[in-house]
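*Asks:* Below is a structure I'd like to ask you about.
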């Protein structure tokens, strides 16, 4: 019974607490905006106010939640950072994780474009996130937040804390799927939820097999770097080319990278002594 309630705390309680903190931070920001600009909620679109600073507010929420986690772990036998397993990982392992992550990013973007053209109504819920991501291109700070800082927090929270608990108390397949599902639900919309679930499975696997959060952090940062900045810049620079040919080339490259990185990682994962120091 104790294990059951502890599981509820990690799997449901902590995500709900983070959801509450995020909404509280956003609410305070909107309230301050009302006061400074002397306007009411009916005089403007709240989403238009939130979107340009969405990731700045997310960072504030992340920092508050990180402090809360530190306080929670003060009474635990294993402190927060030790629980997250910040162990050194060999360079060649990280290189293949990066290669695989780039391939995964390209494949997911290809699939999003493909299914987005088939089911445009489903992707309407993703428009707010897309606008917020586009807004980050106008600020170096926003790019650093969304590409580096948010992934670090999310790996500490979802992989280090939640998956760390599940990994120690349940069989690996169950722990892996549950943490990926929580990661997906936390993203708040169907489109993000689907690719976050897929990404969460690989991030959890990297953390599990390397026994280090550095592996999943590097993978997550790579995913955001290429998905938010590098690949959009590449596609915009070759927009005069045929979209069909461009998509086919991207798909082929993604499969090649996934095969190179994936096959090598499988080999390394079978020989765990070669993964880390």
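From the backbone N, Cα and C atoms, a Cβ is placed for every residue, glycine too.
All TrEMBL annotations are machine predictions without curation.
Keep in mind that what you see is a predicted model, and the values were worked out from it rather than measured.
I grabbed these lines from TrEMBL:
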{"type": "TRANSMEM", "residues": "7-34", "note": "transmembrane segment"}
{"type": "TRANSMEM", "residues": "54-74", "note": "transmembrane segment"}
{"type": "TRANSMEM", "residues": "94-119", "note": "transmembrane segment"}
{"type": "DOMAIN", "residues": "138-226", "note": "domain 'CAAX prenyl protease 2/Lysostaphin resistance protein A-like'"}
{"type": "TRANSMEM", "residues": "139-158", "note": "transmembrane segment"}
{"type": "TRANSMEM", "residues": "170-187", "note": "transmembrane segment"}
{"type": "TRANSMEM", "residues": "193-209", "note": "transmembrane segment"}
{"type": "TRANSMEM", "residues": "221-238", "note": "transmembrane segment"}
{"type": "TRANSMEM", "residues": "244-266", "note": "transmembrane segment"}
*Asks:* With helix taken as DSSP H, G or I, strand as E or B and everything else coil, how many residues of the domain 'CAAX prenyl protease 2/Lysostaphin resistance protein A-like' (138-226) land in each class?
*Replies:* 81 helix, 0 strand, 8 coil
*Asks:* For the transmembrane segment (139-158), which partner among 7-34, 170-187, 193-209, 221-238 gives the most CB pairs under 8 Å?
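*Replies:* Ranking 7-34, 170-187, 193-209, 221-238 by Cβ pairs under 8 Å to the transmembrane segment (139-158) puts 221-238 first.
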*Asks:* Tally Cβ pairs under 8 Å between the transmembrane segment (94-119) and each listed stretch (54-74, 170-187, 244-266), then give the stretch with the top tally.
*Replies:* 244-266
*Asks:* Under 8 angstroms, Cβ to Cβ: which one of 54-74, 170-187, 193-209, 221-238, 244-266 has the largest number of such pairs with the transmembrane segment (7-34)?
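*Replies:* Result: 54-74.
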*Asks:* Same chain only, please: residues at least 6 beyond the ends of the transmembrane segment (54-74) with a C-beta under 8 Å from a C-beta of the stretch. Say none if there are none.
*Replies:* 17-18, 21-22, 25-26, 29, 80, 83, 132, 135-136, 141-142, 145-146, 149-150, 153-154, 156-157, 161
